[in-house]
């Protein structure tokens, strides 16, 4: 095919440039196909975005596609979504699209995980047949003889050379059968009978025709998951598919098991970063083909291709982890809602403590239909009593007498206890009582945390670690103290106070994979544990029927943060933690230890009054001109050279200040962690009452920065709708 016969296609490449790239292609190609193209001296993977287009470039200057893959990765609907996301979040279109491509495909691997088989002798295989094999085929005879005795898997067969060739021969001659090894299916569970509130919500959503957004506000233990499952049951009929997004990887195994037991005849897969790359690609393909009817995934799953997606659900909508914090900084809630709108399907979000953004949209702007669950699904269960207790002032006794007595009472009743403290490690600070020296991280403007069990000081921001100092680095004093308390220290003190109790610490140091989580759930349900000591890993989604007491320690530090969302996060976190208590028939109790028991936020938690909290919080934000009443963006910058950083942000702020716009820009500020992982950091905040105006302003800013010579010496990113400061 000559130049005139070649069609021009536009290709998205994973490079930090806003444009698509023109290439000639002599083969038939469709939108969404995977191609290999020349790019300078390199060969890169690209995705076809447009075909048979006009070009302003001379044809002899346009390079030819090297290879076209048969598979189409994405359809037109997803490309519309990618364009929206790239524009809204101010991110290059090529890199936006490639964010959604599984790593294995980017590496040129198109197959998913290798299936595992067990091999059995068929009725046609006998010793007489084996005697007829050629005498020189010793390995073939060996395998066939062993299979007559018992089935074999691939690991056992690998001890024999050329086993694949011999097994293939036996299968092709109907002498051996192969059966795929699949995980054992969980025990089937029948649908629960819904209460009147749950039934009404299910019926309302089932009546939906086309796009509509719903917010299910249900107290902890109100049965939101059961509502989701009843809805899914109707949505997956006629080969429909449903995406269920969850915030944390550690929630997917428990939720997946629950869904598997309910929908035991349906294919259910999960998508999250802890899967192996082959497993993730396999599950991605099962969603794309339509074979997987229920997909449970974390935030990136919002970009997964589906054959027949009928609804998008988001559990624990309030959770910050739905917002990506590097590269493409999208929020899965807003992307999911836009995708549902493009597909004309319902979007359903649920939470006991919805974010102020979605609550405002539902209650004040009426952009979502608000549906409420006001009572616990188990008719015998009620919300736990919340007690506000003055924090112990004795540094050697971090638990109040009240909480210690409450723990002993629950242990005497053979019930379980959760002690929540959102700090890993033994203690936050290693301190010299003589000169005041504290152990600092060399790479971050933060303190090193004492991890006593490994005799380490560790930075929780960059993972720098070293052996605990035996003496002060400033004055040489050997009498060093640990200040504050972490999960390890609380675990140690609980073991001293309750020597017969079976105690388990639950944080990132002890729970590293699905196996650890599964064991924790099993031990709690089998009552092999008495006390859990945990961080926020335990604050959501878990249902432990024998857990009746929750003690919350050291929460006050969030009350006076410079982050305007700190109060919302504290309220949400403590309500979620409190909700782990008393989910069965035994009345639960929550004890919050605080220096400020009369604080209005704690009083709202005590009365479980989310509506009252949200009303006051939104009124305050309206008066102070904070989101959701204004739109925010942030230019985040970092450099190992402080002079380059300061010069860069100064030039950017001068440019922004001179732009004719209704966008308000604030002078550069250093964040709480001024230095992180060896990089000096600075932020510039922007806000506006007009989304379109802000988006145009950010586009102008990006163009200016791209033309700056100094920009190559500074890492920078525009964060739209930031949630971390």
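Even glycines carry a Cβ here, placed using N, Cα and C.
Automatic, uncurated: that is what TrEMBL annotation is.
As annotated by TrEMBL, Zn(2+) 1 binding site applies to 432, 435, 472, 475. Annotation note: residue 432 (Zn(2+) 1 binding site) sits in a strand segment as assigned by DSSP. Within the same chain, residues at least six positions away from residue 432 (Zn(2+) 1 binding site) with a Cβ under 8 Å of its Cβ are 438, 472, 474, 475, 477, 479, 480, 481.
Following the DSSP three-state reduction, the secondary structure of residue 444 (Zn(2+) 2 binding site) is coil. Listed in sequence order, 459, 461, 462, 464, 673, 675, 676, 677 are the same-chain residues six or more apart from residue 444 (Zn(2+) 2 binding site) with CB atoms under 8 A from its CB. Among the features that TrEMBL reports, Zn(2+) 2 binding site is placed at 441, 444, 459, 462.
Annotated domain 'Helicase ATP-binding' per TrEMBL: 205-372, in sequence order.
The feature domain 'Helicase C-terminal' is assigned by TrEMBL to 413-626. Computed over the domain 'Helicase C-terminal' (413-626), the whole-number mean pLDDT of the model equals 87.
Within 10 Å of the Cβ of residue 459 (Zn(2+) 2 binding site) there are 21 other Cβ atoms, across all protein chains. When Cβ atoms from all protein chains are considered, those within 10 Å of residue 441 (Zn(2+) 2 binding site) total 25, not counting its own. Most Cβ neighbours within 10 Å, among the binding-site residues 435, 462, 472, 475: 472 holds that distinction in the structure as shown.
Of the chain residues outside the Zn(2+) 2 site list 441, 444, 459, 462, 442, 443, 446, 448, 460, 461, 463, 464, 676, 677 have their Cβ within 8 Å of the site's Cβ mean position. Between the CA atoms of residue 435 (Zn(2+) 1 binding site) and residue 441 (Zn(2+) 2 binding site) there is a gap of 18 Å.
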